[in-house]
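> I'd like to ask you about the structure that follows.
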Amino acid sequence: MKTRIATATVLAAFTVTVILWLPGAVFIGYLVAVSALAAWEWCRLIPGGLSPVVRGGYSIGVAVLLLGSALYEPSWVPLTLGASVVWIGLGVSVLFQIYRQSRVQIRSGLLLGLILLVPGPVALIAIQQSLDQGRLLVLMSCVVVWGTDTFAYAVGKRFGRRKLAPSISPGKTLEGTLGGIVGAIGTGIIFFFVLMENNSVGVIGFEFWCLIAASVAVMAVIGDLVESAVKRSAHQKDSGTLVPGHGGVLDRIDSLLCAAPIFGSWVFLCENSATVAL
């Protein structure tokens, strides 16, 4: 547990530093590097013995897609994020079809990996590049996801009784999930008032902000379940061993991968809608 907490603290501090204070190019490079590592680990979860050359090529392909997204015009961002949400939905649907067959085929696994690995980072890059308060909004998405995971773990450990999805992730409980969602909303509210103090809320009203936090929390839970289902079908406990106390890189970002597109879509909807009041 000490290793887990220490690793999480160091990673969170480094990530916050990259998001808030380092140049935008460093932020993009950080996302690309993390996503490429996650892509490598994803290949590990696909049965069939993918060679290192295939894994490397796949990881490079994911990196190229993300670098290309950094060149998008801002006017394309809402369409991109909308498509991302659709792809996330399709990915989840395909995933559970695969899980019911208790296996992940190589072709479908590689395609599903692109669907799940690319939209989240694309959304974060779009937010960071296109909005005046993009850095703070990216941080908000991360903080809400972290809050979801933290509260879900704490509440589930103390009060968890009923299993949420025993065939996919036996350790997750309904009580923990609800605690994570409530905790995420609370975290989002705190973040809202912090932004208000800095005049950085923009056009997002308080009620809508709570809705955003809740929807991000729900998608974070789905993202976690998605990866759990893939790991279970591959008979793997973790996606890798790169992150001490946590497993692999993919184990740390699975929730954010699924939550970021919906967060970005909400934010751009608010920014581009005159009907949303402060």
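Heads up, the Cβ atoms here are built off N, Cα and C, so glycines get one too.
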> Checking feature assignment: transmembrane segment per TrEMBL, candidates 156-175, 176-195. Which range matches?
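Feature transmembrane segment in TrEMBL: residues 176-195.
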> Need a quick answer: max count of Cβ pairs under 8 Å to the transmembrane segment (12-40), which of 52-72, 110-130, 136-155, 176-195, 201-222 is it?
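Looking only at 52-72, 110-130, 136-155, 176-195, 201-222, the most contacts with the transmembrane segment (12-40) come from 52-72.
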> Out of 110-130, 176-195, 201-222, which stretch touches the transmembrane segment (136-155) the most, going by CB pairs under 8 Å?
176-195
